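Here the structure is laid out as structure tokens; the discussion comes afterwards.
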């Protein structure tokens, strides 16, 4: 099906086109029908509770839905492996003729992370005459000035240009500032503003540029960089101010875009810069590896990566300029969107029919929250953008491989079925169901972690199985909170210099904890009413004993591994790391 659709599309020449397959309505019907049938089949398998495997002696059973999820994980892992192997075998050339603008979005960044970011950008291995470096700071007050000073220090001796802009591209003039008889419009770019002319002149004539502008959010900052660049470069690279680039990060992404004119964007492998700050940051480092090298690698096999990550991504500039205004003015339920900037950029590329890729050869290291509350706020924000962008992405399924439709449906319904399964088991009235649920969660996580160990060649990935508890107790309820507050754009992130004070995401966790505790209490109470002297209950008691011992032993072993392997050995080793390419893949 992918090949048929591809045959109907033309390779872009000059101005990029919106690549529609022939008979788009027919393809839409086919893809949407497939999605509906897939959803109905999975739902029917879940509701029917058909048992594929059942063993009364050990109280074990595997339903059709569980088997389907196992097959999904196996397929995803297989395609990820094939993609990584393909990339490893390929030796793509680089012409070093394409011009690149490396754009950095910054907002009250931790000076320690910012200096690492700027220095890594300075030493990126790409011809200086082909590379621009642009830092746009979201804020123009005295509290933001330190970022510009650091930029000047790092790029001292280079072709540097700086400008403190009192406004931004969408500053609204006050009535007294407007000429008599004119009518100011809300959020209308001030094309005649001298600040705009100054910014664009600096960006197009200087190699290293730093702009401080009126606060407007990350999307406003990114818009300034993209708009000021105009058509002066071939590719635009995005980067966050807390990200440290590998020396080859830029050139490896350029290679991918040069290899095929149908590739509209490419993302790289984002690792964690501060994995040993806390348990949260360490688990995030393992989760990031899985997200990029399994999930996005699988999507890249089918040329449909769903999100080019903000810390490390690259876009064809001629495509980006086509949808720049539409991207900036995105609305959802009548409200301007301030979250999900990177995911919507990716979706805009996909909406035009261009392919999106991932390469693990391009690498960067980004800061992640080390405190639980800040991490939870981050995950809630990402989940909001996921649900919103899912609706947008569904409009363009017919332009890409059918895998995109399949994965979109499966990933969307997964948390709802997991929630239903948990509630159904803990309120079944038997303690064994609760223990079996806990065992199943960790067994499945352990199998996935073992595969990751093999794929990465590092036993540290065994600890990835611990992430399942973070998901079940934190991420799962936060998904419902994100869904219910989808149109609330004010609850976002803050600069690294500030402490997150948004405690709202704790509310769904409290409700979820009450539901779980209520279910466990109900099952214990109901089981205590039964006669445990019967042969069936005696056998169940043995299973309960073995299950509980096994579960406790698992956590003891994992806790010891984490404490000895990570907290002591790896942290000491990480303190000797000074250069980005010296940062170990993970301590062994």
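Heads up, the Cβ atoms here are built off N, Cα and C, so glycines get one too.
The topological domain 'Cytoplasmic' feature in Swiss-Prot is assigned to 1-28 (among others).
Under the heading topological domain 'Extracellular', Swiss-Prot lists 50-61 (among others). On the 0 to 100 pLDDT scale, the model's mean across the topological domain 'Extracellular' (50-61) is 54.
The topological domain 'Cytoplasmic' annotation in Swiss-Prot covers 83-411 (among others) and is backed by sequence analysis.
Summarising the annotation, Swiss-Prot assigns topological domain 'Extracellular' to 478-505 (among others) and lists sequence analysis as the type of evidence.
The topological domain 'Cytoplasmic' annotation in Swiss-Prot covers 527-543 (among others).
For 565-588 (among others), the entry in Swiss-Prot reads topological domain 'Extracellular'.
The transmembrane segment feature in Swiss-Prot is assigned to 29-49 (among others); the stated evidence is sequence analysis.
Here Swiss-Prot flags 62-82 (among others) as transmembrane segment, drawing on sequence analysis.
Packing against the transmembrane segment (412-432) from elsewhere in the chain are residues 39, 42-43, 46, 59, 65, 69, 390, 472, 476, 479-480, 515-516, 519-520, 522-524, 526-527, 540, 543-544, 547: each is 6 or more residues past its ends and has a CB under 8 Å from a CB in it. What Swiss-Prot records for 412-432 (among others) is transmembrane segment, and it gives sequence analysis as the kind of evidence.
Sequence annotations record features per position, and here Swiss-Prot assigns transmembrane segment to 434-454 (among others) based on sequence analysis.
Outside the transmembrane segment (457-477) by six or more residues, the chain places 280, 282-283, 286-287, 289-290, 372, 376, 379, 383, 415, 418-419, 422, 441-442, 444-446, 448-450, 508-509, 511-513, 558, 561-562, 565-566, 570, 585-588 with a CB less than 8 A from a CB of the stretch. The transmembrane segment annotation in Swiss-Prot covers 457-477 (among others).
According to Swiss-Prot, the transmembrane segment annotation covers 506-526 (among others).
Sequence annotations record features per position, and here Swiss-Prot assigns transmembrane segment to 544-564 (among others). Residues 279, 282, 431-432, 435-436, 438-439, 442, 446, 462-463, 465-466 of the same chain sit 6 or more residues outside the transmembrane segment (544-564) yet have a Cβ under 8 Å from a Cβ within it.
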Counts by DSSP class (helix H/G/I, strand E/B, coil) across the topological domain 'Cytoplasmic' (527-543): 11 helix, 0 strand, 6 coil
